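Student: Let me give you the structure first, and then I'll get to my questions.
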Amino acid sequence: MKSFPLPIKAVVIDLDGTLLNTAPDLAHAAELMMAELGRPCPSLETISTYIGNGVSRLVKRVLTGEMDAEPDPALFAQAIASYQKHYGEHVSLHSRPFDGVVEGLQAFKAMGLHMACITNKAEQFTVPLLKGTGLYDYFELILSGDTLPKRKPDPLPLLHACEVFGVAPAELLLIGDSLNDTQAARAAGCPVFCVPYGYNRGRPVTELDLDAVVPSLAEAALMVTKA
């Protein structure tokens, strides 16, 4: 059991569902895609449960209505091209930081902690989204889903961040919202907090192997100290 405040040297934070409420823009792109395909679109609530494994998997879930099913390859090729076009045009139209995010980032910065954003979202969407919502400049390092050969739940992005920052895994805290985050953290040997408001396939984060559930990033900042 971890003791608090937790001594750390770096904090890395997930994007969708942790920093930003991106579901409205992700769902809007899905609606436009499905309209082009002449198909009905799932609800915003349903699409929110599909978020967290990158755009390709999101599109497959929207097409099939299942978490791990594979759609017809020709249909998927048409759908992913449509989705990427529409999402790229509206990546930060309705996406906003969750309550406490900016305050939390400011607190981490004031502590002198290294800060990174680690997401499974492709770089072509990650960077414009962070810039469009005013969060880009908080981070020394941004690792997207296609930056490295592997992404969360693989530990590689976290271990890469440790290497870049010159810290041990136990000194790097991951804050996320899903099973991907907790699995990556445990595999890397990092502590992990989760927020309860994100996109964990519709499941409560209390089911996950984590060190704390934090109501907001502002609350998370109160639970750490610089090592």
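Using N, Cα and C of the backbone, Cβ positions are placed for all residues, glycine too.
According to Swiss-Prot:
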{"type": "ACT_SITE", "residues": "ASP14", "note": "active site, nucleophile"}
{"type": "BINDING", "residues": "ASP14, ASP16, ASP177", "note": "Mg(2+) binding site"}
Student: With a radius of 8 angstroms around the mean position of the C-beta atoms of ASP14, ASP16, ASP177, what other residues of the same chain does the Mg(2+) site pick up?
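Tutor: Other same-chain residues with Cβ inside the cutoff are LEU15, GLY17, THR18, LEU19, ILE51, GLY52, THR119, GLY176, SER178, ASP181, VAL195, GLY198, TYR199.
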Student: In angstrom units, rounded to an integer, how far apart are the Cα atoms of ASP177 (Mg(2+) binding site) and ASP14 (active site, nucleophile)?
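Tutor: Cα of ASP177 (Mg(2+) binding site) to Cα of ASP14 (active site, nucleophile) measures 7 Å after rounding.
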Student: When you measure from the Cβ of ASP14 (active site, nucleophile), how many other Cβ atoms are you left with inside 10 Å?
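Tutor: Cβ-Cβ neighbours of ASP14 (active site, nucleophile) within 10 Å number 27.
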